[in-house]
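Asker: Straight from TrEMBL, here's the annotation block:
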type	residues	note
TRANSMEM	12-31	transmembrane segment
ACT_SITE	E196	active site, proton acceptor
BINDING	G226, G227, S228, T229, Q230	ATP binding site
Amino acid sequence: MRKIPNNGNLRMTKVAYPLGLFVCLFIYVAYIKWHWASATQAFLGIPEVATGARRGQQSRSPPGTAARGPELFYGIMFDAGSTGTRVHVFQFSRQPGETPTLTHETFKALKPGLSAYADDVDKSTPGIQELLDIAKQDIPFDFWKATPLVLKATAGLRLLPGEKAQKLLRKVKEVFEASPFLVGDDCVSIMNGTDEGVSAWITVNFLTGSLKTPGRSNVGMLDLGGGSTQITFLPRFEGTLQTSPPGFLTSLQMFNRTYRLYSYSYLGLGLMSARLAVLGGEEGKPAEDGAELVSPCLSPGFRGEWEHAEVTYRVSGQEAAGNLYQLCARRVSEILRNKVHRTEEVKDVDFYAFSYYYDLAANVGLIDAEKGGSLVVGDFETAAKYVCRTAETQPPRSPFLCLDLTYVSSLLQGLGFPGDKVLKLTRRIDNVETSWALGATFHYIDSLSRQKSPTL
Ligand SMILES: O=c1[nH]cnc2c1ncn2[C@@H]1O[C@H](COP(=O)(O)OP(=O)(O)O)[C@@H](O)[C@H]1O
Ligand SMILES: [Ca+2]
């Protein structure tokens, strides 16, 4: 059979070559354009998505040289917690005359806490320096000298003898003063417990939008640290204001509004300090002659060591204990007796819980370890009963889990939370750490703007 020449194919080939060439050229040009854009973005350090705002049209002029449009500025807050030190580098944007918007946060944490260096303060320097380097990498050079640098210490330093704490703070201040950032005379301090609770309340209400949108319902916050624990909410009932003891109510001025908050920080009731109290030990003091701390909250027959605030304690479970949960709950209630104030109103307020509330819930699978989630307060008791029950017969993977869960469950009940009360557990909202650090930074900026223009 004779082959018929395929003119159609020939014509197709004639068209396909230039078309292919054109497509290749188009892809090449598009690639170069995209690559250039992302390289510029990486060079300038502008992330795609920012909290509360996109960064597209912001001016990045260094302070003092800003033209029109939003002004960028930074703040560095060190959180010297009892179990670790963390740096938060915040980037803000502000339209002239408006309240600032958080556009980005960089966060890094180190262990142990500053108080671990109480007897050798020079050893605290490398960690602080490492965190300062994070801030230097994150903030453009031109902004360094206008960026305030602040460290606030919480329970770890509050629990140290005064002179030891001051020595540590002086050392950190030396390191800060040698940095290129803006440091004031009070750049390093121990924060009081109420400020800690109020600042965390500002953070969570800012991130959930209720501070910027009046009328949007606000939320309460629960923070369980290693050394202290805080509860803060905005009471709606007159009865709460009338029945709260002195020292539990505080006034906050923020974004042109005044809030009367219920806020309290319980020093010594953070999870690690509570563990020590439940075990029968004393803060900063090794047991005499290395004696063992015997506890009804540990698995019978368990023997081990536990390090807390630079002291190693020998710990063991009681022999032939019986119902571990009941025995442990009795011991925990002795520790908490008359220590916490109960408020009825907490059952009517939405609460966010952070820190060890989150870690513990994630540890026993009550929430997703990455995403967080919600639970009811009674879930802690259910988990405690299950974990303690299992520990009666077999050594648990984590020896303190029965104690910790029993403690958290009793603490929440003591504060007035019923078993069916839903709590939201979160580590980050909109990619920002739910810690007091943002609130404290915001409060600082807000107070500066009030000083500049009292009528704002
Ligand atoms: O910024 C943060 N992001 C996430 N978790 C934090 C942050 N700050 C503290 N935590 C958590 O807090 C707990 C330890 O509390 P911390 O060391 O701050 O004690 P303190 O508040 O009693 O001084 C840990 O569960 C730790 O993961
Ligand atoms: Ca803390």
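Note: Cβ is positioned from N, Cα and C throughout, glycine not excepted.
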Asker: Long-range neighbours only, meaning 6 or more apart in sequence with Cβ under 8 Å: which ones does G226 (ATP binding site) have?
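Answerer: Same-chain residues close to G226 (ATP binding site) (Cβ under 8 Å, separated by 6 or more) are G81, S82, T83, G113, A155, G156, G270, L271, M272, S273, Y356.
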Asker: Taking only same-chain residues 6+ apart in sequence, whose CB is under 8 Å from that of T229 (ATP binding site), what do you get?
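Answerer: The answer is L222, D223, S265, Y266, L269, G270, L271, L411.
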Asker: What kind of secondary structure is the residue listed as 'active site, proton acceptor' part of, going by DSSP in three states?
Answerer: helix
Asker: Among the binding-site residues S228, Q230, which residue has the fewest other Cβ atoms within 10 Å of its own Cβ?
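Answerer: Among the binding-site residues S228, Q230, the lowest count of other Cβ atoms within 10 Å belongs to S228.
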Asker: Through the lens of DSSP with three states only, how would you label G226 (ATP binding site)?
Answerer: coil
Asker: Of E196, T229, Q230, which recorded positions come close to ligand 1, meaning Cβ under 6 Å from one of its atoms?
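Answerer: None, by Cβ distance under 6 Å.
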Asker: Whole-number Å distance between the CA of the residue listed as 'active site, proton acceptor' and the CA of S228 (ATP binding site)?
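Answerer: The residue listed as 'active site, proton acceptor' to S228 (ATP binding site), Cα-Cα distance: 10 Å.
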Asker: Starting from the ATP site formed by G226, G227, S228, T229, Q230, give every other residue of that chain whose CB sits within 8 Å of the mean position of their CB atoms, in sequence order.
Answerer: S82, T154, A155, D223, L224, G225, S265, Y266, L267, L269, G270, L271, S273
Asker: Could you tally the C-beta atoms, other than its own, that fall within 10 angstroms of the C-beta of G227 (ATP binding site)?
Answerer: 27
